[in-house]
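According to TrEMBL, the domain 'Response regulatory' annotation covers 6-122. The 4-aspartylphosphate feature in TrEMBL is assigned to 55. Annotation comment: TrEMBL describes 145-215 as domain 'PAS'. Taken from TrEMBL, the feature domain 'GGDEF' covers 314-447. Under the heading domain 'EAL', TrEMBL lists 456-710.
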Ligand code: C2E
Ligand code: MG
Ligand code: MG
């Protein structure tokens, strides 16, 4: 683009015009000429020149007039005008400047002068224009920036309030603020900040503001503020207050976010959560179908019932109720009717409750009644009969008439002084018994029996421990044959050398293990120990056979013979025939053929057999015939009484007769006196065992006793034979 300056030369004298134009053209100017003021104005209107050289004296319109007109027009007022005139009076110059000229050149002029002045003014004007342009640009930029910040401020989603930190007078608020609290801007600006607070919150804000001032000018404090809306509602906000440098005052800026909605949602959520928790708690403790307490709550109630029963001394009954044949009903009538039936049952049972009692549903068709304050069995029975009667009332639905019965198991605290879970289990067990015994009835838990079983179980555990601690010992009681004066052997009799209770006889601990597998372990130990003892005596040159007592249950173990064999094999030095087994004739030898098989197998191993306490059982004769035992041991009770009791004497002589008829040896137990012995000898029995001969003794006493046998009185008796 052409950046040459446009210069308009105005003169009514064509010569002058030409001269000036030529001068100017020496410079890189574009020169336009006008011969009159009018022409000049038209030219300016068409194309704005950068400078005008204007003659003062012209016929129609003077240069001053032209200049005034130019200066009066906004569009042309800043075009620099240099007057050129022959008039050199100071008044003319004053007029020229008054009209708006910027310079004055008098004719005749030097070309250089004209050019210098033109250049200078063009330059000055350029600088001026540039300055103006820059000012204009700066102004525009400021306006834009201002507009941008306004947008940020006004359209901010946060309500913004600027207030004087000292007077609390509000100096500025934004649109969000007016919208949030519903007051127009006029209401805000100049008001004290306090007006927007809910009463009671002013202090909070004051404290916040004071903190801010006290702490640091840079601090930012946040907090919850509750404000009041123009319409009276409360607006919950979360605010930040901060010191700001604000023109004209020490100010704080408070920015608030409306959290009313959020608060509402939070509250709603909290309510929902609580409801959910309540529902959950209900389902934890109650049955959904019947609304009755469930097992968990019942257990808690039983615990409470127990402590109540302890305080009052009354009984608490736990009644476990199971509907008879419910599964079949369910199949026959469908779930819906079954559910109705259960609800109906629940209702019916509920009507039997007394104050403080609990009814719970603990399974599909299982309910538990917890009855407190019972004083007697009669009262409990009456209660249960009422329950059964109510339950057996027919249930009528649209499609069916159903009659129910229930099996009820009951346990009573404190007779059954167990914990809640155990009480429930006991009641359940009894309910099962009621079912087994024919349904539609109630059964009471046998707490005493349970205690016995538990005690027995515990004592068995103690005995196991005792066995491993080697607390059991065998005592030995000699058996003698008075005819030959020989010691026919010794009977091993177990003792428990109890660390606290001293030496216990078998009657004190064996009954507890009779039915238990431990009897087998203990029996094996006895056999092993007896074999070891035979070996020890053997080593001392004492040839003594030992008879051991073996429980029938032990004998009938499938692998009895193998184990016996193994024990014998472990003591190879034990002579055949040294070991004898005594089995109680009165024990339940149900499987008599098997016992006989064991006897036969034992004999093959060189182990003899005695029927112990013979005559005390119900089927002595059957046993005698079916079992090929070598020896019968007449029970000591007959021997003890045979002197006075003719019946016992008859039994003793009968057994002796049977033994000889069946070709068995016969040993009399419990021979305490020489009189016993004499009578027995007269009846044909000469093998004796008893206190009269020797009491059971520890193994180490046996050799000494053997050495002393027979003592004089027995020797005398034997001599008479
Ligand atoms: P049992 O086999 O009939 O043993 C005889 C019992 O009578 C022994 O009692 C013995 O001390 C006692 N006795 C012996 N002579 C007399 C007497 O003249 N007068 C009186 N009043 N009693 C006499 P103990 O040792 O108390 O044994 C009792 C029962 O325990 C035994 O009766 C036996 O059946 C059983 N028993 C003993 N040891 C064992 C064993 O190791 N295993 C098994 N399974 N049972 C055993
Ligand atoms: Mg015996
Ligand atoms: Mg006996």
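Glycine is no exception: its Cβ is also placed from the backbone N, Cα and C atoms.
In TrEMBL, annotation is done automatically, which means it is predicted and not curated.
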Might you list, by sequence position, any residue in that chain lying six or more from the residue listed as '4-aspartylphosphate' with a Cβ less than 8 Å away from its Cβ? 10, 11, 12, 13, 16, 63, 83, 84, 85
Determine how many residues of the domain 'GGDEF' (314-447) DSSP places in helix, in strand and in coil. 58 helix, 39 strand, 37 coil
Run through the domain 'PAS' (145-215) and tell me, per DSSP, how many residues are helix, strand and coil. 40 helix, 13 strand, 18 coil
According to DSSP, how is the domain 'Response regulatory' (6-122) divided among helix, strand and coil residues? 54 helix, 25 strand, 38 coil
Check the domain 'PAS' (145-215) for me and report the mean pLDDT. 84
